[in-house]
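What TrEMBL records for B:207 is active site, proton donor. What TrEMBL records for B:10, B:11, B:12, B:13, B:14, B:15, B:16, B:17 is NADP(+) binding site. What TrEMBL lists as NADPH binding site is B:107. Under the heading L-homoserine binding site, TrEMBL lists B:192. TrEMBL lists B:350-435 with the feature domain 'ACT'.
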């Protein structure tokens, strides 16, 4: 058997310690299956004295992540520091410059500096392995980079942020407001004290940038993504969606649109019967629509064990000498992703308007839609509305909501129609617009 | 760029022609992503004159599959003939003996002769790639063989036969009998004229044998699997399952049970909220429960495009020199799978008894259960039963059905309790027993 693959791990938090433990308990089988063992020979972490739930008795401590990355005694550098710049970026660059493959869970780093790092990787004949960076334990990177190469991709969409999916699930199932559910997610440790990175969609955008690169060959670029979060979603929307046969999910969507790739993160109405619609709580899911195969992968998107599983999977590929290009393409073939042009988005729309409760309002609204050539699949008016904020138990009625579902149209037409409706003075609060994703 | 990978395809049915077309339209991208193109240089098929929807103008015709397998002009042999013996087996063996990797969609061949062929593969340094043999377009082979090596597996279970899932879905959704739905499946081409291979569970068993090898390192052996099909499932069962919060699916299950691996194919009650419970129609799904990650993969289990996608994925791995051991383990490490010992199965049970409608019957049944230490989660008695066969619209009442749900117990205890109940003479037709799968 070949000598062990020697690895150095920078960052010994939950994931790093999980990788240490997983390798310790699985190494006999990994060695048998991959042809060589995987051995952690050196580590680095800010605090050496912290007690960690793994055996560090036989590893060297490096002075710094960069020193570890350059350590001639390691074959592979595992970066679990996090952050798009600073130590993580420097150390990954140093490892690649030294010709060492990198395994990382760092979505922000690759979303922002993926092209530069992949170039460095190619120049030095080293790989970048990042299964853990997207959707945690779901092997979507391997699936897009290797298994589905026979497919021309039409769309990749995913529930990529467990915090948002937890909040939306909780709101719907228990009739609670966004604020109440966010507070609960924070208590349970599913959301940060500053929840913006999750609930405003930026975390999803980082992961989407990487999925888009794998699926469509566009350069990873968070700036190319139209991003909306879930703060505006109310119980009224979730209830109306339910009535209309949809679920509301925060999706990251990369879809072919003519010669371009449309990249967007926003609350989305998905048909209830889609596998992805049925994914609840913190679970993640990715739906892949190729011209030959449509797949949905459901699994844990975060957590020490799930992320460690993805890191160890990458290490097994390296031990078995299974390699791919960093993003599955020669870096010179990656096209710029372009800037978001959400105005040109075509699709169905859900529009909820808090309209004044007087005769003819719905008809006037419908007329403005018709004038922009927007066909309505349905128009629903409830005499007494759900409160826009607040929990479902708060029974105070609001203005009469009018809910419209359009057939496929453009974002621009929808926005113009809404402007015209607002100019009429018949609506009493900002309209809610949710894009619909269909087959 | 390296010279093209030269392949020979034996068998030009729907899948073979689909592979030809997919390679033709995707080859530029495949070459860029894998570092070399994949070129079909030779084929074999029984009937050369048949018109096929693919370009065969630049391929050589081999005299026979074996001749193709031995052709020194090909690097990889693709076997799409089918059948566990005969031409497929001879040609695959010939290719491996010549040191050529094999790509195959042939589950029967590998389920029956996997150990011998994997031994041959190891001896000759060639691989066997069979993503297409299990669950069609779902990349479950790659996932188990490569991505999840950090996990000790607890259970792998799947909806692996689209025909059965179509029939069970149709029965439940439209209230039709097994016979009616089978006839419809036959009309739509989802079921063969002789449906036994599908509806009696043998097709699922072949696929399960391969999943069990990948996940647990047991030798593929259909004889080690307890197999029951779906012919006995009635609308009464599907309705009772619905009421109790379950769906009935034909599952193949490989589960760790102490030091052994339990292998079984049978109709199974799965909790409605499981992703796998929500998979309808001909779609397949595989749920993987590892100690670090629980995943569900949903996608097309059959069809020319989906199967071609899996074959082309394997070819891309070969083009990129990404190799694995045939079953993910050295063949010497594979353990015999043992014989089925369904009597020792432990789990919950659904039991439906057509009992005579007189006072005390339910109590007598419950007593027999208690005497075998079987705890009941619920006991449900409807005054007037659903007909056992027939469509839901047939409203003739049957005897009063008693439906029991047990807590975890053993198969043996359940069978003994039922024998005792039958000896009482209170039930009027053979009891229905469906195993329950839980977290």
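Here the Cβ of each residue, glycine as well, is placed from N, Cα and C on the backbone.
The distance from the Cα of residue B:15 (NADP(+) binding site) to the Cα of residue B:207 (active site, proton donor) comes to 18 Å. Of all the binding-site residues listed (B:15, B:17), B:17 has the fewest other CB atoms within 10 A of its CB. Within 8 A of the CB centroid of the NADP(+) site residues B:10, B:11, B:12, B:13, B:14, B:15, B:16, B:17, the other residues of that chain are B:9, B:18, B:19, B:45, B:80. In this structure, of the binding-site residues B:11, B:13, B:16, the smallest number of CB atoms within 10 A of the CB marks B:13. If you take every residue in the domain 'ACT' (B:350-435) and average the pLDDT, you get 85.
Counting only same-chain residues six or more apart in sequence, the Cβ atoms lying under 8 angstroms from the Cβ of residue B:107 (NADPH binding site) belong to B:130, B:133, B:134, B:203, B:206, B:207, B:210. A straight line from the CA of residue B:13 (NADP(+) binding site) to the CA of residue B:192 (L-homoserine binding site) spans 16 Å. A gap of 20 Å separates the Cα atoms of residue B:16 (NADP(+) binding site) and residue B:192 (L-homoserine binding site).
Helix, strand and coil counts from DSSP across the domain 'ACT' (B:350-435) read 24 helix, 28 strand, 34 coil. When the Cα atoms are compared, residue B:11 (NADP(+) binding site) and residue B:192 (L-homoserine binding site) turn out to be 20 Å apart. Across the structure, residue B:14 (NADP(+) binding site) and residue B:192 (L-homoserine binding site) place their CA atoms 16 angstrom apart.
Rounded to a whole number, the C-alpha distance linking residue B:17 (NADP(+) binding site) with residue B:192 (L-homoserine binding site) is 21 angstrom. In sequence order, B:186, B:198 are the residues of the chain that are 6 or more apart from residue B:192 (L-homoserine binding site) and have a CB within less than 8 Å of its CB.
Its Cβ placed at the centre, residue B:10 (NADP(+) binding site) has 27 other Cβ atoms within 10 Å.
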